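To keep things clear, I will list the structure first and then write my remarks on it.
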């Protein structure tokens, strides 16, 4: 499929672009964005009415610590995920070594492990009472903790390691896709002009892959910023900890919403800076597919080094936690394998599947509308629609309750007045509220990846289709969708896995007696009873593996197909 | 695109109707306490009355949810593990005053709201745990002594922001005034062996590990640890101390319940409230969870009674709740958690 269409596009009539269809797209995109931005808007409104001004107290006492810890955490996680993600992506894409094809998909596996679960597992393994230290004490005859030094897992470095290990796949996934899309001839040209392989990597390959890596990193950073489970468990006081303290202990929801808004601004600035720094770059896929990808043939020791480099993240991020959970699952199988367990699994699958579908549809609507109307307004809409991702789940949940409950109560009052019926709470406290929250939260994932994938399709394709009389909707269906198949699948699966793991919003929004696998795991794990929840935790991980494998296949296939 | 979304929304709602529907013979609970801890009590209630009990559990956000759902909220009861949460519900005017002869008779006045806006179900004492082999009996008998420099580097606690610690610090403010209490808290902080982390059980485990000699923790955790074969050894390595037992009494907190304004199943909810205060239910609390029953007719379990006699601090619970904000800010000022 040669994307650089040779045919001169026929001049497109101005009329065609301003046609009714096109305006309908814009309207639909605007309305959807407003709907999706409601919860974030609700939080911003709450921020305007704090019970008390928390800032003088915070600034005088703990704010500097919260800020330093947050920045250290974000920096540490960035470095770790970039090194692991970009490094392994490059190795499996460009180097020939035994096990390469296995690592291609296996390196995605840690993505299926929720950060709070990996934190519990490593604490169980590495703290004083765990098997590692016990073995060391046995071996060296130490009596108690005073006799030796062992790195504390419950610490800032520990948190960086835990979060980094399960989030690097975001970067790996996007970096690998970007490397695969690059034309091998670019690489050849660079080498023939005298650049070393490493020089080429840093001067040619990385700059071209930068937009994709930046998307991955911004997802990583947003997840890190709003992580509560891990930092709370490790007693690392970040801004999120301050937020919950203000909310739960000082009872100041408005103040908490202010902290959430500041975190939001933080993310917005980061993303904007990144975009601004490459504002003059526009990349279309100019793939020259005549050359097949040439992988480096490596010497034996180098092959071994590749193998080790790729094994580490897989081992630490997936094999160890999965093995520990598997052990617990077997040990407590009889207690865990109940009807409730099956019902919880169905709940998780249903919610995550529905949310994956809805984020995909909305993401497509927004990304394509932006393609039709590449205006400043539309770009703002895109950004607005992805704000939910940068907000801690529990805060977002309150943001979801506010408009939904207001709507329910408004409707109930109207219906009572006009018809004498009570509709009660139609939306709040139902699965709809949860799916809505998931959609708001993870729309950034699907909209972002669809947007960047669409951008890579040269506009001459649209022009050709449209000038041949195809309306906008049909062009999307017949021209873009087939080319986006891989991206669509990837986006849907990432959202699916994310939803399977989501905890804080689900806890607050769910109906009565309603458990997902994640909430079920939490009620035990939060009470230091991880062993009892080994099976459901393992199922969350396994459910995450299936999409991960599919995802990887589709990416590999997209390469072979061309 | 929107029509498809609407279809999804409708589908989602339809699939959920059986869960959201409020049939007769139900009572709905928003709980800050894990469902598996409530289960034995609720099961017994259902067996007795035929009324089904439905639960939503979360650690936070339930008060916001209740408030926003307003008059249409399905919740009848809120169950909490801390006086502060009960007080918050009253302050937001989300609870309904209810008094019945049974409730008034079963729960002493000190463990309920004067107008019946909440009722305590159990109380839990905040104890000092001390290493058997490193701390002499009688070497520490009060909370005040935790600030004594002789314990430097020998004390472990969980986060100072945890509601259980906040309530204890609030009681210190009530007894000594803010300035003195802050001095005390600074002293305690200076004595810490490590940055506050983990839960109450982790502190007892830390004593067994030799990280520290003294820890603060709620009484029932100790019972739970004795029950757990992985933690029994740690529990057996410490002595229990009821602080200030010879003076003003040991600090207690309560778990409790409150009826909501909007309760759609009000009668069932009151039946459940009354059931939970009966000797039968209180005995379950005492034996399964190792808590002190609020109903004075029910003695603590034999295991709990074996730890010693509880002389609770008679500071009104409302006073503790009122000092909570001051306590939280004090924790920040001495930078307790970092």
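Note that Cβ sites are derived from N, Cα and C of the backbone, with glycine treated the same way.
Unlike curated records, TrEMBL annotations are generated automatically.
Annotation comment: TrEMBL describes A:25-50 (among others) as transmembrane segment. Outside the transmembrane segment (A:25-50) by six or more residues, the chain places 252-255, 257-258, 260-261, 264, 362, 365-366, 368-370, 372-373, 378, 381, 384-385, 387-388, 391, 395-396, 398-400, 402-403, 437, 439-440, 443, 472-473 with a CB less than 8 A from a CB of the stretch.
For A:67-274 (among others), the entry in TrEMBL reads domain 'ABC transmembrane type-1'.
Residues annotated as transmembrane segment in TrEMBL: A:70-93 (among others).
Feature annotation from TrEMBL assigns transmembrane segment to A:105-125 (among others). Residues 88-89, 92, 131-132, 153-154, 158-159, 162-163, 165-170, 172-173, 223, 227, 229-230, 233-234, 310, 313-314, 317-318, 320-322, 324-325, 494, 497, 501, 503, 518, 521-522, 525, 530, 537, 540-545, 548-549, 551-553 of the same chain sit 6 or more residues outside the transmembrane segment (A:105-125) yet have a Cβ under 8 Å from a Cβ within it.
A Cβ distance under 8 Å defines the sequence-distant neighbours of the transmembrane segment (A:159-179), meaning residues of its chain 6+ beyond its ends; these are 72-73, 76-77, 80-82, 84-86, 88-90, 92-94, 104, 107-111, 113-115, 118-119, 122, 205, 208-209, 211-213, 215-217, 219-220, 223-224, 227, 230-231, 234, 236, 313, 316-317, 449, 490, 494, 548, 551, 555. Annotation comment: TrEMBL describes A:159-179 (among others) as transmembrane segment.
Note on the transmembrane segment (A:200-222): residues 74, 77-78, 81-82, 85-86, 90, 167-168, 170-175, 177-179, 182, 186-187, 190-191, 267, 270-271, 274, 278, 281, 283, 389-390, 444-445, 448-449, 452 of its chain, located 6 or more positions outside it, place their CB under 8 angstroms from a CB of the stretch. Taken from TrEMBL, the feature transmembrane segment covers A:200-222 (among others).
The list of residues near the transmembrane segment (A:253-273) in space but at least 6 beyond its ends in sequence, with Cβ under 8 angstroms from a Cβ of it, reads 40, 43-44, 46-55, 218, 221-222, 225-226, 239-240, 242-244, 246-247, 383, 387, 390-392, 395, 398. Marked as transmembrane segment by TrEMBL: A:253-273 (among others).
What TrEMBL lists as transmembrane segment is A:304-329 (among others). Tertiary neighbourhood of the transmembrane segment (A:304-329): same-chain residues 84, 87-88, 91-92, 95, 97-100, 103, 106-107, 109-110, 112-113, 117-118, 121-122, 124-125, 165-166, 168, 298, 336, 530-535, 537-538, 541, selected by CB-CB distance under 8 Å and a gap of 6+ residues from either end.
Summarising the annotation, TrEMBL assigns domain 'ABC transmembrane type-1' to A:345-551 (among others).
The feature transmembrane segment is assigned by TrEMBL to A:349-368 (among others).
Annotation source TrEMBL lists transmembrane segment at A:380-406 (among others). Through the fold, the transmembrane segment (A:380-406) approaches residues 29-30, 32-33, 36-43, 45-46, 219, 222-223, 225-226, 228, 240, 243-244, 247, 253, 256-257, 260, 263-264, 267-268, 271, 362, 366-367, 369-370, 425, 427-428, 433, 436-437, 440-445, 447-448, 451, 502-505, 507-509 of its own chain, all at least 6 residues removed from its boundaries and within a Cβ separation under 8 Å.
Sequence-remote contacts of a segment are chain residues at least 6 beyond its ends whose Cβ falls under 8 Å from one of its Cβ atoms, and for the transmembrane segment (A:426-454) they are 36, 38-40, 174, 211-212, 215, 219, 222, 350-352, 354-355, 358-360, 362-364, 366-368, 370-371, 382, 385-391, 393, 396-397, 400-401, 404-405, 407-408, 411, 480, 484, 487-488, 490-492, 494-495, 498-499, 502, 505-506, 509-512, 514. Per TrEMBL, transmembrane segment is recorded for A:426-454 (among others).
With a threshold of 8 Å between CB atoms, the same-chain residues lying at least 6 positions outside the transmembrane segment (A:475-497) that come near it are 1, 111-112, 173, 177, 352-353, 355-357, 359-360, 363-364, 368, 438, 442, 445-446, 449-450, 453-454, 457, 461-462, 465-466, 543-544, 547-548, 550-551, 554-555, 557-558. Positions annotated as transmembrane segment by TrEMBL: A:475-497 (among others).
Annotation comment: TrEMBL describes A:535-556 (among others) as transmembrane segment.
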